[in-house]
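First up is the structure itself, then whatever we jot down about it.
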Amino acid sequence: MALPSLLLVVAALAGGVRPPGARNLTLAVVLPEHNLSYAWAWPRVGPAVALAVEALGRALPVDLRFVSSELDGACSEYLAPLRAVDLKLYHDPDLLLGPGCVYPAASVARFASHWHLPLLTAGAVASGFAAKNEHYRTLVRTGPSAPKLGEFVVTLHGHFNWTARAALLYLDARTDDRPHYFTIEGVFEALQGSNLSVQHQVYTREPGGPEQATHFIRANGRIVYICGPLEMLHEILLQAQRENLTNGDYVFFYLDVFGESLRAGPTRATGRPWQDNRTQEQAQALREAFQTVLVITYREPPNPEYQEFQNRLLIRAREDFGVELAPSLMNLIAGCFYDGILLYAQVLNETIQEGGTREDGLRIVEKMQGRRYHGVTGLVVMDKNNDRETDFVLWAMGDLESGDFQPAAHYSGAEKQIWWTGRPIPWVKGAPPLDNPPCAFDLDDPSCDKTPLSTLAIVALGTGITFIMFGVSSFLIFRKLMLEKELASMLWRIRWEELQFGNSDRYHKGAGSRLTLSLRGSSYGSLMTAHGKYQIFANTGHFKGNVVAIKHVNKKRIELTRQVLFELKHMRDVQFNHLTRFIGACIDPPNICIVTEYCPRGSLQDILENDSINLDWMFRYSLINDLVKGMAFLHNSIISSHGSLKSSNCVVDSRFVLKITDYGLASFRSTAEPDDSHALYAKKLWTAPELLSGNPLPTTGMQKADVYSFAIILQEIALRSGPFYLEGLDLSPKEIVQKVRNGQRPYFRPSIDRTQLNEELVLLMERCWAQDPTERPDFGQIKGFIRRFNKEGGTSILDNLLLRMEQYANNLEKLVEERTQAYLEEKRKAEALLYQILPHSVAEQLKRGETVQAEAFDSVTIYFSDIVGFTALSAESTPMQVVTLLNDLYTCFDAIIDNFDVYKVETIGDAYMVVSGLPGRNGQRHAPEIARMALALLDAVSSFRIRHRPHDQLRLRIGVHTGPVCAGVVGLKMPRYCLFGDTVNTASRMESNGQALKIHVSSTTKDALDELGCFQLELRGDVEMKGKGKMRTYWLLGERKGPPGLL
């Protein structure tokens, strides 16, 4: 059920009044009112609370109202708990919001825990809150916290292999809320918990402070963390520059979580924290020193919802609170409060649905643990302690010319992983410094003895170095000669005569791997090739007795330059299980082609588009794993990148191992399609936006483009709806490519059904097709990512292969069963159609393969009827109206004759022919059966209405005759069961010489009916019949309800 109608009252410390009798959801705020230097100040957070309340009002039937009063003492550890008690006594709130300052948060959190009252804050960053013991059981931190910063730092140390020591410097005035102390505390505890030697010192602003800092750094660590105002960092770096500590042996991490140093200020530009109002010499020294500085900040959410939220936040702050806020990372805290309120409402709703109440604070808080949901600040992940996982950014001087700081890495707290942007960190010595170099700190080590070497030792050392240099030179010369020999031998070359074509059944039945370009299942139909076909096939041949795949190159000749020779050598050298093996190339004009390993299962695109193949997620993850392994190897090889990765370039061998093909040999590649062809745009559906736009690429540009292509393939595998599936949109490949190329927010990407897919898989897709190539992970990171959430992927290679083969066998068995059922269904339909065309006995003879002989019948009764005035009626009606009329009439007739022992022979226009007494003989019952049927049809016609002429009466004329006939099947194409003999002609004359709405019968039929004595007949007289002369005929008037006769 939904929440009941609620009144949300924001009671700010004192003065709020709960309306009598109202069922209120009361939210109490304990935040500072005026000090905007706090990110959690009420003028910053208040607009976010108002926006959250409005969002709740749209989602739930809520009656909302604010009650506010003066806010003071919210960052005082003495006044804040008193205000909290007042709030509890006077307003009995359901949720406390704040405080953000650490010391008052500790006091208020203890009270809240005692009251079992949820306390939600996006501040209170201290590590002491991480252990939610009995003092802080109801504290929920939906914003960043110092322990999460520590986790990021530990991950950084692991990446750079810093395992020994670190030094921490921070400012701690002890007269404020100690923000620098509590921020660096998380780093200290995390590093200490990782068994590092961590020393820390408080920076003093008194004279000699910078010298004391550099002395502390020299003595305690090469990896230095500094937390304090930017002026403090400048002072330390200037002194470090003077003492040559910025020579690359040290690295300085500046903990500026809100990124204030990167924002533009009175004396500095955006992204230039080294700029300051100093002398030119000091400014140059600072700029050089900052090359050794890495800045750590929170990560601004990249999702469009956050940008929209921030814009609305600034407007509401100006209109409702009279303050001008600037776009900055401080607004992230307001967004965290917003997401926290919505999280509380969601969990409260669930609690009430489960039979709980708003007063059950502990239960509500416990349900928040481990939550994952998407808020305005992106993906919100709460850990088991109800602390939010936090994302960070590592900034470095990415442009040495301008000195601009740029993101070097992003850290995902939810994934515990660093995603490197591809921008290299400008290490002064080209590599990260060592955290514990030999003899830097442990001077007691005997190996650190710096006694000068003797003359004999120097001579021996020089001789040894000379021999080593001579050996290395000889080896390099030998290797150079062997390389030239290998290039000249052209081991890759295949003569056209060596390739065998023709009847492939002799070697390999079914050769011809289907490398489809069909886009069946997508929203824009099938891709047609230049030849008008819906798929293209991989050409195959035979080389040295083995089936090989042959890719023809649309070039007249290949110039064997040194570059081309090296490309071909590299293709032979690259060997890996998940890359198709390069066998060789033919350069004999006009038969220029590339010869590679043949994979008989076809392409990945074939498999995904084949609905008869059931792919469970174990199988899909196995294919994804193969693809990632292949691309990781390719990116680390001499070839470096693929450049044209798509599902049709991923093939599957006989053991269901996915292999990547069509890589390398850039000199052989060519585009045969015209620039505006449909096929060309369809191939570009996997192409990264930076390649489509044609902008210059960074060093790793093609590798990051491959990652984008991998994301599109990942979406294909996940949804099996074709590349770039767009739910509800019908766009051509050209339109899709143009939208991707434009690069406008929100970026145009395929549709994803988050409810059906693993959330981590969706996140991986989104990271891989990020607009900024630097934000995409590399395949090494992707491999680790997939290994984590593919729990079943740890089986052995043999087990994996057996599972794949078993699934393939199951698919085949299911396919055979489906095809059998389809065959039986089609057989049933064919037999039903045959029984409608021919009599059942005749159809059975044909099914048994027997010849149907013509058969004579001594006595049958034939019925003929047509519509009087049908020609005139047809002339006055449209063809569709005539068809509708006949269909309605004969549907009515067919339903009636099913009640009698008769057989419908045929209908020709408005003529209707029925017989009784054949093909199944029924003795003397044929005449009364036809008579009763004729009376029933005549009765039906009297009430029949013509749709387009409802006031007209349909006039049916009926003729009946009894006599001998011969019946048989005539013709091979569309065979018909026909009647022959004078009886047929006479019956037709009886109908044509009859009258409308009357049944005209012959004397023979009258004699047959008289034997029963229950039919009323009236003599018509002698009637002149064409070709028959005069015949005595009768009108059948009806059937008497007397005692039954023989029938």
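Glycine is no exception: its Cβ is also placed from the backbone N, Cα and C atoms.
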C101, C227 - which one Swiss-Prot pairs with C75 by disulfide: C101
Feature phosphoserine, as given in Swiss-Prot - residue among S261, S526, S612: S526
Residue carrying phosphoserine as stated in Swiss-Prot, selected out of S412, S523, S992: S523
N-linked glycosylation site per Swiss-Prot (candidates: N161, N610): N161
From the candidates T214, T390, T516, the one which Swiss-Prot records as phosphothreonine: T516
Candidate set S402, S518, S640, S1002, residue annotated phosphoserine in Swiss-Prot: S518
Feature transmembrane segment in Swiss-Prot, mapped to one of the ranges 39-58, 459-478: 459-478
Integer mean pLDDT for the domain 'Protein kinase' (513-786): 81
